[in-house]
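Only one structure is covered here, and it is reproduced in the block below.
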Amino acid sequence: MKLPKEGDFITIQSYKHDGRLHRTWRDTMVLKTTENALIGVNDHTLVTESDGRRWVTREPAIVYFHKKYWFNIIAMIRDNGVSYYCNLASPYLMDAEALKYIDYDLDVKVFADGEKRLLDVDEYEMHKQEMHYSPNLDFILKENVKLLVDWINKEKGPFSKAYVSIWYKRYLELKNR
């Protein structure tokens, strides 16, 4: 499959481990693709939940997906600074329909002041039992939480101020041409 190119719009689909569609984002603008990663932006993007509810994202957000890491990262650009929402999730795959991944409930939120919180641990434990996550999957996800926190602490990749600034600037250039 041909990779989307800068300025293309794609759909993102999040699934649960049992194969159910969880959430869909329409019209994410692609900023960069490589063999293993995709960087995009959501700005007033339509989101549809599995129960049919719809909402629109409030602020611009740089999104980062990778084919080798078990997480994706959303850098939300707000008036009080950049906040991050990080989903523990399968590496993504891309087909003609959408960018797709499996959401594994655990999330790490980083507030603009640097405070970090691990979210949805109870939901993860419940789904781990209900959907029979293997011990190996559980290990991979917990190791990737550690890796993610290390990236946050070291301001690596999407967690660097320069990264957000560069990609947001590029988005504005593409949006305004």
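Glycine too: its Cβ is placed from the backbone N, Cα and C atoms.
Here is what Swiss-Prot says about this protein:
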- ARG23: active site, proton donor (ACT_SITE)
- ASN87, ASP103, ASP107: Mg(2+) 1 binding site (BINDING)
- ASP105, ASP107, ASP120, GLU123: Mg(2+) 2 binding site (BINDING)
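Swiss-Prot feature annotations superimposed on the structure.
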{"residue": "ARG23", "record": "active site, proton donor", "Cβ within 10 Å": "15"}
{"residue": "ASN87", "record": "Mg(2+) 1 binding site", "Cβ within 10 Å": "23"}
{"residue": "ASP103", "record": "Mg(2+) 1 binding site", "Cβ within 10 Å": "19"}
{"residue": "ASP105", "record": "Mg(2+) 2 binding site", "Cβ within 10 Å": "23"}
{"residue": "ASP107", "record": "Mg(2+) 1 binding site", "Cβ within 10 Å": "23"}
{"residue": "ASP120", "record": "Mg(2+) 2 binding site", "Cβ within 10 Å": "18"}
{"residue": "GLU123", "record": "Mg(2+) 2 binding site", "Cβ within 10 Å": "13"}
Check: same-chain CB within 8 A of Mg(2+) 1 site center, minus ASN87, ASP103, ASP107 | SER14, PHE71, ASN72, TYR85, CYS86, LEU88, ALA89, TYR104, ASP105, LEU106, ASP120
Per DSSP, to which secondary structure element type does ASN87 (Mg(2+) 1 binding site) belong, with helix, strand and coil as the options?
-> strand
Beyond ASP105, ASP107, ASP120, GLU123, what residues of that chain have CB atoms within 8 A of the centre of the Mg(2+) 2 site's CB atoms?
-> LEU88, TYR104, LEU106, LEU119, VAL121, ASP122, TYR124
Once DSSP output is merged into helix, strand and coil, GLU123 (Mg(2+) 2 binding site) belongs to helix
Which of the recorded positions ARG23, ASN87, ASP103, ASP107 has its Cα closest in space to the Cα of ASP120 (Mg(2+) 2 binding site)?
-> ASP107
Rounded to a whole number of Å, the separation of the Cα atoms of GLU123 (Mg(2+) 2 binding site) and ASP107 (Mg(2+) 1 binding site) comes to 10
How long is the line from the C-alpha of ASP103 (Mg(2+) 1 binding site) to the C-alpha of ARG23 (active site, proton donor), rounded to the nearest angstrom?
-> 9
